[in-house]
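Enquirer: Could you have a look at this structure, given as C-alpha cells, before my questions?
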Ligand SMILES: Nc1ncnc2c1ncn2[C@@H]1O[C@H](COP(=O)(O)OP(=O)(O)O)[C@@H](O)[C@H]1O
Ligand SMILES: N[C@@H](CCOP(=O)(O)O)C(=O)O
C-alpha cells in the first residue's frame, strides 16, 4: 500500500500581506503546478528517489533534500508520541522550479509531511503538521513563515492569524478571479530576497501597509472585488525586490493597461502574478508574458484559479 500526495503552487504575500497572506493556485487547464510525493513500504528506515522536470535542480545528496529533513522531524514527533515509525521508500516528483516564487520548497514540504502522516494513519493533527511545515520552511529560507505552506496545505486564501493556537485561517476570496502566473525561468533564492529587506520602516509605510492589508481583508469579507484589487499593494518587500526581477515593472505596467485589476510579485519572485476578471484578457496577457517576460526555456506562464482544496491524495503511483 502506498500514499501519493499532490501539493499545489502558492503565492506568498499576495503582495499586500508580507509573510501573513498566501494563496494556493492551480492551472485552469488541469495541468499539475505542484510537487507530488509517494510514500511506500521501505526495505530500510528511509530511502529517497527523485524524479520530475526540475529533479536536476535539487541538492545531489538525499540528506540535503528538505524531504529528508521532513522525515527526520516526522520521526521526532512520532517518537514523542511513542508511535512506531514505519520503514518508508519515498519518491519526490519535483515539478516546481526552485527559487521561483511559487512556493517550490513548500510543495515538497507539504507533500512529504502530509504523505508520511497519511501513510501512518494520521497520528499528527493538521495543526501539528502545519507547525512542522513552518519549521521546515524556516530551515530552507532562514526564517519561519507560513504563507506558502498554509495555503499549499489547506487551500484557498489563507491569513496567518498565529494566535490562540491558530496558525492560519481561510479568508473568503473571489473564485472567479483568474491569476496569471508568469515564471521567467531565472532563480531568486528566498533567503537572499529576505536578507535585502530593511530591518525598520518609516511610519508612513507602516500606516500605508496597515490600510492596504486591512482594506484587502475587509473587501474580501464584504465581497467587494474591485476594492480588494485596489488594495493589492506591497510597500514592504516590492520596493526592495523589484530590482531582482528583470522586466517586472514593464510587465506589470503592460498587465494593468491590458485589463488586469492587480499585479505583483509572487512570493519573493521572480514569478509575477496578475489578476484578471475576464478569461480572454487573462489568456491574451498570458501570451504577451510568454513572449516578453519569460527569459529562457525553463520559464512558463499558467492561467490559474484559487486551489480551494490544497494538498490532496491522488490515486496514481509515481
Ligand atoms: N525538495 C526541495 N524542493 C525545493 N527546494 C529544496 C528541496 N530540497 C532542498 N531544497 C533547497 O531549499 C532551498 C529552496 O530555495 P527557495 O529560494 O526557498 O525556493 P522556493 O522559493 O522556490 O521555495 C534551495 O536552496 C534548495 O536547494
Ligand atoms: N513571505 C515570503 C514568501 C516566499 O515565497 P517563495 O515562493 O518565494 O518561497 C517572502 O516574501 O520571503
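For all residues, glycine too, the Cβ spot is worked out from N, Cα and C.
What TrEMBL records for this protein is below:
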- 65-156: domain 'GHMP kinase N-terminal' (DOMAIN)
- 97, 98, 99, 100, 101, 102, 103, 104, 105, 106, 107: ATP binding site (BINDING)
- 218-291: domain 'GHMP kinase C-terminal' (DOMAIN)
Enquirer: Considering only the binding-site residues 97, 99, 103, 107, which possess a Cβ situated under 6 angstroms from at least one atom of ligand 2?
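Expert: Going through 97, 99, 103, 107 in sequence order, those close to ligand 2 turn out to be 103.
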Enquirer: Counting only residues 6+ away in sequence within the same chain, which have a CB under 8 Å from the CB of residue 97 (ATP binding site)?
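Expert: Looking at Cβ-Cβ distances below 8 Å from residue 97 (ATP binding site), excluding near sequence neighbours, one finds 54, 57, 104, 183, 185, 187, 298.
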Enquirer: Starting from the Cβ of residue 103 (ATP binding site), draw a 10 Å sphere and report how many other Cβ atoms land inside it.
Expert: 33
Enquirer: Just to confirm my parser: what is the rounded mean pLDDT across the domain 'GHMP kinase C-terminal' (218-291)?
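Expert: Its mean pLDDT is 98.
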Enquirer: Can you tell which of 99, 101 has the most other C-beta atoms within 10 Å, given these are the binding-site residues?
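Expert: Neighbour-count leader: 101.
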Enquirer: Does any of 97, 99, 105, 107 have a Cβ within less than 6 Å of an atom of ligand 1? These are the binding-site residues; tell me which, or none.
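Expert: Once distances to ligand 1 are taken from each Cβ, 99, 105 fall under 6 Å.
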Enquirer: Per DSSP, what is the residue tally for the domain 'GHMP kinase N-terminal' (65-156) in helix, strand and coil?
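Expert: Tallying H, G and I as helix, E and B as strand, the rest coil: 54 helix, 6 strand, 32 coil.
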Enquirer: Looking only at 105, 107, which of these binding-site residues has the biggest number of Cβ atoms within 10 Å around its Cβ?
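Expert: Per the Cβ count, the most surrounded site is 107.
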